[in-house]
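These come from TrEMBL:
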- 166-264: DNA-binding region (DNA_BIND)
- 40-153: domain 'Response regulatory' (DOMAIN)
- 166-264: domain 'OmpR/PhoB-type' (DOMAIN)
- 89: 4-aspartylphosphate (MOD_RES)
- 1-32: region 'Disordered' (REGION)
């Protein structure tokens, strides 16, 4: 029986070679029909079998895929050839996925989809708190992962959560530009992940209205079911970036027994 470590390294290191690519007609059709969900994906997993399967499904969707097997190599490749999205396993040799995600977040807002062990809720929550945009639990359906990648890419490029005529969203000293997918607070750039941006944009479009966590999962994440703790983590991260005192939020407030609400600032009031 061939052991996992005995598989050829070309299966998971470097660019996936041509045998893994689907027929050109299908790949080109997908890319042409859905340009907003096609991009360069960096897959980080030390299991060559998992990496190869993930790469094949992503290639079928029209993505360019590069696979690496450890965290340090992932950080180096992300610097040298910045990806549009990273699929990141938590359990990596040496530097684990959480540390890789944390270091990525120091320099980039690239979307990150984490792969976590089944039932490892604590790992999922820590991963989200480190800046991951989404997660998929193992064992997983490769097709589900491919759909999650498409969803995250679409959101990262502003193809979801539209605003009227694409106009900027403003509240006091906070401004979001959906077309540029950029945000500023008090005139300074505000670094947000794709999910953070979408969540904040959605709440800004519905000021004063309370939403349950399940409603936010459905409206922002596009999930009809899922772990509502995902919403809690993203709200906490937004508070840390928006609120002078995250423990006593004035914009992103908790509505006890319901969920969350965005309270607009009085005219002219700024942060502080």
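Cβ coordinates come from backbone N, Cα and C, glycine included.
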- prompt: How do the residues of the domain 'Response regulatory' (40-153) split into helix, strand and coil according to DSSP?
  reply: 55 helix, 26 strand, 33 coil
Statement: Close in space but at least six residues away in sequence, with Cβ under 8 Å from that of residue 89 (4-aspartylphosphate), the same-chain residues are 44, 45, 46, 47, 50, 97, 114, 115
